[in-house]
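Peer 1: One structure is given below, represented as structure tokens, and several questions about it will come after.
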Amino acid sequence: MKLLILDRDGVINYDSDAYIKTLEEWVPIPGSVDAIAQLSKAGWTVAVATNQSGIARGYYPLATLEAMHARLRALVAEQGGEVGHIVYCPHGPDEGCDCRKPKPGMLRAIAEHYQIGLEGVWFVGDSKGDLEAALAVGAQPVLVKTGKGERTLEKGVPETTLIFDDLAAIARELI
């Protein structure tokens, strides 16, 4: 199985320091939906692992998050692709859960879902927490310069991190 795991906000869609709280605020980064569809059509399983503490903070209900993910799935399907397993952490940063990145709980849940190990699997993110979660499970950390990626890069990243401009560049590399 060829598995690619993506963070959501800042990788697939535009991010906001004020959170993505409505379906209208969920706007794909140009090329990201096409990249997921192309990867899927080329035999890649594309899963998503996303921190969504806005739920715990009361900024939006679970139904809104599910609508965003349904929109993502529909947009990718329109281009002939498929989004695999989507996992999210609804907890706030002080709740002590095992799923909120940089903890690796969501990545482990994806591995369990697909019954595979994560050694060498690419986990694409735009933050230090994403890269740390990848390293915690032996996955390959991959940074995109979209979202918070440029700021993350300026602060320094683990030396094994692969760096790409965006998700479309990753698709070109892997296909």
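The chain as shown is numbered from 1 upward.
In case you wondered, yes, glycine gets a Cβ from its N, Cα and C as well.
Taken from Swiss-Prot, the feature Mg(2+) binding site applies to Asp7, Asp9, Asp126, supported by similarity to another entry. Swiss-Prot lists Asp7, Arg8, Asp9, Asp15, Ser16, Asp17, Ala18, Tyr19, Thr50, Asn51, Gln52, Ser53, Arg100, Lys101 with the feature substrate binding site, giving similarity to another entry as the kind of evidence. Summarising the annotation, Swiss-Prot assigns active site, nucleophile to Asp7 and lists similarity to another entry as the type of evidence. Swiss-Prot lists Asp9 with the feature active site, proton donor, giving similarity to another entry as the kind of evidence. The site 'Stabilizes the phosphoryl group' annotation in Swiss-Prot covers Thr50, Lys101 and rests on similarity to another entry. Per Swiss-Prot, Zn(2+) binding site is recorded for Cys89, His91, Cys97, Cys99. According to Swiss-Prot, the site 'Contributes to substrate recognition' annotation covers Arg100.
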Peer 1: Tell me the coarse DSSP state (helix, strand, coil) of Thr50 (substrate binding site).
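Peer 2: Going by the DSSP assignment, Thr50 (substrate binding site) falls within a strand, counted as strand.
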Peer 1: What is the nearest of the binding-site residues Ser16, Ala18, Gln52, Cys89, Cys97 to Asp126 (Mg(2+) binding site), using the Cα of each?
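Peer 2: Nearest candidate: Ser16.
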Peer 1: Which number gives the other C-beta atoms within 10 angstroms of the C-beta of His91 (Zn(2+) binding site), all protein chains shown included?
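Peer 2: The answer is 17 other Cβ atoms.
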Peer 1: What residue among the binding-site residues Ala18, Cys89, Cys99 has the most other CB atoms lying within 10 A of its CB?
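Peer 2: Checking each of Ala18, Cys89, Cys99, the winner is Cys89.
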Peer 1: If one measures from the C-alpha of Gln52 (substrate binding site) to the C-alpha of Cys89 (Zn(2+) binding site), what distance in angstrom results, rounded to a whole number?
Peer 2: 6
Peer 1: Which entry in the list of binding-site residues, Ser16, Thr50, Gln52, has its Cβ near the fewest other Cβ atoms, using 10 Å as the limit?
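Peer 2: Comparing Cβ neighbours within 10 Å for the binding-site residues Ser16, Thr50, Gln52, Ser16 has the fewest.
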Peer 1: What Cα-Cα separation, expressed in whole Å, is found between His91 (Zn(2+) binding site) and Asp9 (Mg(2+) binding site)?
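Peer 2: His91 (Zn(2+) binding site) and Asp9 (Mg(2+) binding site) have their Cα atoms 16 Å apart.
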Peer 1: Can you grab the distance from Cys89 (Zn(2+) binding site) over to Arg100 (substrate binding site)? Cα atoms, rounded to a whole Å.
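Peer 2: For Cys89 (Zn(2+) binding site) versus Arg100 (substrate binding site), the Cα atoms are 6 Å apart.
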Peer 1: Taking the Cα of Thr50 (substrate binding site) as the centre, which of the recorded positions listed as Asp7, Asp9, Cys97, Lys101 lie within 10 Å of it?
Peer 2: Asp7, Asp9, Lys101
Peer 1: Do you know offhand how many angstrom separate Asp7 (Mg(2+) binding site) and Ser16 (substrate binding site) by C-alpha?
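Peer 2: Answer for this pair: 14 Å between alpha carbons.
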Peer 1: List only the single closest residue to Lys101 (site 'Stabilizes the phosphoryl group'), chosen from the binding-site residues Asp9, Ser16, Ala18 by CA-CA distance.
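Peer 2: Nearest candidate: Asp9.
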